[in-house]
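Here is what TrEMBL says about this protein:
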REGION    1-241  region 'Disordered'
COMPBIAS  13-32  compositional bias 'Pro residues'
COMPBIAS  46-59  compositional bias 'Pro residues'
COMPBIAS  211-241  compositional bias 'Polar residues'
DOMAIN    342-380  domain 'Zinc finger Sec23/Sec24-type'
DOMAIN    659-742  domain 'Sec23/Sec24 beta-sandwich'
DOMAIN    754-857  domain 'Sec23/Sec24 helical'
DOMAIN    888-953  domain 'Gelsolin-like'
Amino acid sequence: MNTENQGFSNLPARPPPSSSSPFASAPPPGVPPQSGGPEAVGFRPPVRPFTPSGPPMAPPVGVMRPGQQPPFVSQIPGQGIRPPPPSSNSFPSPAYGPPGGGSFQRFPTPPPPSGPPQTQTLAGHLSPPMSFRPQQPMAPVTMRPPPQSMTSGVSGGFASPPGPGFQQSMPPVNPSYPGVGGGPQPSYPGYPTNQGLQGPPKAFQPPSQGPPSTVSSYPTQPGGFAQQNLHPSYAPPTSNVQGLVEDFNSLSLSNIPGSLEPGLDHTSFPRPLDGDVEPSSFAEAYPMNCHSRYLRLTTSAIPNSQSLASRWHLPLGAVVCPLAEAPEGEEVPLIDFGACGIIRCRRCRTYVNPYVTFTDSGRKWRCNICSMLNDVPGEYFSHLDATGRRMDMDQRPELTKGSVEIIAPTEYMVRPPMPPIYFFLIDVSFSATKSGMLEVATQTIKSCLDNLPGYPRTQIGFITYDSTLHFYNMKSSLSQPQMMVVSDLDDIFVPLPDDLLVNLSESRNVVEAFLDSLPLMFQDNGNVESAFGPALKAAYMVMNQLGGKLLIFQNSLPSLGVGRLKLRGDDPRVYGTDKEYTLRVAEDTFYKQMAADCTKFQIGINVYAFSDKYTDIASLGTLAKYTGGQVYYYPGFQSSIHGEKLRHELTRDLTRETAWESVMRIRCGKGIRFSTYHGNFMLRSTDLIALPAVDCDKAYAMQLTLEETLLTTPTVYFQVALLYTASCGERRIRVHTAVAPVVTDLGEMYRQADTGSIVSVYSRLAIEKTLSSKLDDARNVIQQKIVKALREYRNLHAVQHRLGSRLIYPESLKLLSLYGLAICKSTPLQGGPADASLDERCAAGFTMMALPVKKLLKLLYPSLFRVDEWLLKPSADLGDLKDVIRRLPLAAESLDSRGLYIYDDGFRLVLWFGRMLSPDIAKNLLGADFAAELSRVTLEEQENGMSKKLMRLIKKVRENDPSYHPMCFLVRQGEQPREGFLLLRHLIEDQMGGSTSYVDWILQLHRQIQQNA
């Protein structure tokens, strides 16, 4: 196959073939290969006459494109791979022998070969060597030295000896597994050992399938085919196989090494032990794009046609986190256009950005999204240099940065900017006071008064309720707040409406006095009723003039007045039927209607739910879902246990920077549009997202649709614009701009895929599916989407490659299968009624709908790491957490009964004490309670170095992600049912309670992919 190096400097053409063929004849069958030549384990070269001339040459290695990463090959068990039939144009490839000579010690040096040439074939594709079955040793291949023109040292030429770019093929080694590491591995008859391999483990380099050549001086490029600069007359006619290097990773079916029984070598399965790895090649190609933490496309290659998009069975879209915290050392520049006004396209309203172009000596600029030619205002004019670049480019961040914040003039305001408003709706019934929730909440609010954003404009107000409503007049002229009780729940009215919401700086003393007295006021309250619906309507009536953030503290099921709810979900017969999903949606339309009204008047709602009984989070959470808020769930709240968690998360909610009365729109190039949106918000029009309050912990997913049959532009541009009021009172516009290439190749879409973004979209789609279907249906949808995507990818390579019975996947999506399993085992989708309570399931669903990518991936595949060995080391320097946290696979076999492990999913920490852990370690960490049942023990700092070291580690883990405060649970091996509930059921690679293990999941996917493949 004649291939060209598109987009790269041409390599020297290969010279015409010499009269003598470069291949040596093979020895008789059974003769070991000679030392000094490359070992082709499992390969049989094709029939080739040869003329023995010239010294042996370096082993052939496929020419690689610039930037290509060596692919990674994992392995699975099953039947072996059939080699393709002999071909006159098939060439041997190097396997795992030493480069350019040096025999393995297991093979004696044979006598020189003699006799007629043997028939030899190319053996398909390699798996890591430990999965090979023993085969007869094969003959070395002797090749002539390359012509002088190939070793001239010209950039892009070829060098005969293996240079610094040469990488010896070897299997991936994962030090996380016991028995797999840098030490020598057991040898099998006929196989080379690893003892000669030095340095860190390297990814597997697949064999070349082209004519023998030496190592290219070019680096490699991720996931691309090898581009070989073949002169048409250099070799016999080429087949489709020739000239291709494996473009994919694979899990190959074979026996477990050292075992006679077939099975899966799951140690080779891909796992996200390094956390979320964002694609870097795309950012390097387009350095002026906004950072991926603001906008992450599911693939950085946009299909050029609807037909190509229909073959991409993965979601085509993006995840947007408009107010994400800036990368360390960076900040979003603030732009004030002043008198000239904001520079925008007249037609599509795109904001000026790094991808617009200036023409007509700088007097006009062309919109990058709709191509409209716009006039440049006189105040914004600048001359162009010889390259067409503005002379003042370096002083204009909006023309060099992908993310900017623009100060909006008065025409962007419907009303004067609202002040930051915090209104608290607090349940003071019997359970709220008995659990200690009321005391913790009021103490936390008081401690945050100095740090609320927007001083001195901030306003604050309170309503409490049980079977009646309690309003509080906190006018600044009062020395003590006045309490007014309204008991008529059917006809709600608001007494003194002007004095219920007060300026905090003016009424600070009254507010503090109120917060001090509130827990005492209701400490003996025996009222168990909850008039939540009427209280919500009253809060809405107080807030609807200005808007703001409403924080609800609900401790029991609403039982009185409008919006009262009844117990449901306790009938297991409903599960598995078509009515199952109704348990997960709001029972009363009152809640969705209230959410719509609140959104209209810029009221965002956060729900804090505390109860050990059913509270109907499905209904209460609707308030947060449609107002851009979030749900915090504390089942069985007790202040002594959960108080610190509530304190931290409420503090974060009150003090983080918030964007008020916001709307968000995403513009994109001609021919495409965003069609569906997923997250916590209200869609005001087809593309305008209403967000009464938004912050750095909220993300939104959306899917793209191609409107035109064919895209004719080489690139597509995206621009996210968030118009909001800052706490300081300024109206601002946060703008993020990015560009992506349009491609005609489905393979390129797969190579540029972003697993993190795809998983974020998938998880939101799956959770939404549970609101209209059975849990089984939602899980099946995820599985079928992955099967279709991998089957389509398999079909791309079925012609060029003998795939045998391997599961293949692109490097970019190697973790997709595992994350798909993790979604199916996540709290909103797992199992049936016995696996998670209805409230717990719904609360987790509302939370996952709002999580940014990194946080979501950590929740789906949490960290598990061992700490007892680190605690025993003398060094106490935490430095980089990566030096301490070496993540392990989420499987029971990762747990050693002599060890101490931490499980961290971002929402809770579980310390697992092995049954055989040294008593000294347990005593140092737990003090006198080290032998007690750990459910009764609280982890506290002890007066010894080991305990202080562990507490510093836990503090560091929490500080790494302050959005939530993970509670710390202690469990000892064998303590059932706590061990199963807290840890074992979250080891997603294991089979647990009827759920599928990672191994079985891969086999299921593989079987379905092979059907109709």
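Cβ atoms here come from the backbone N, Cα and C positions, even for glycine.
TrEMBL labels come from automatic prediction, so no person has curated them.
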(request) Tell me the residue counts in helix, strand and coil for the domain 'Sec23/Sec24 helical' (754-857), as DSSP assigns them. (result) 66 helix, 3 strand, 35 coil
(request) For the domain 'Sec23/Sec24 beta-sandwich' (659-742), would you mind checking the mean pLDDT of the predicted model? (result) 94
(message) For the domain 'Zinc finger Sec23/Sec24-type' (342-380), give me same-chain residues lying six or more residues beyond its boundaries with a C-beta closer than 8 angstroms to one of its C-beta atoms, as numbers and ranges.
(response) 288, 388, 390, 398-402, 406, 408-409, 667-670, 717, 719, 721, 733, 735, 737, 739
(request) For the domain 'Gelsolin-like' (888-953), give the DSSP counts of helix residues, strand residues and coil residues. (result) 26 helix, 11 strand, 29 coil
(request) Run through the domain 'Sec23/Sec24 beta-sandwich' (659-742) and tell me, per DSSP, how many residues are helix, strand and coil. (result) 0 helix, 57 strand, 27 coil
(request) Work out, from DSSP, the number of helix, strand and coil residues along the domain 'Zinc finger Sec23/Sec24-type' (342-380). (result) 6 helix, 11 strand, 22 coil
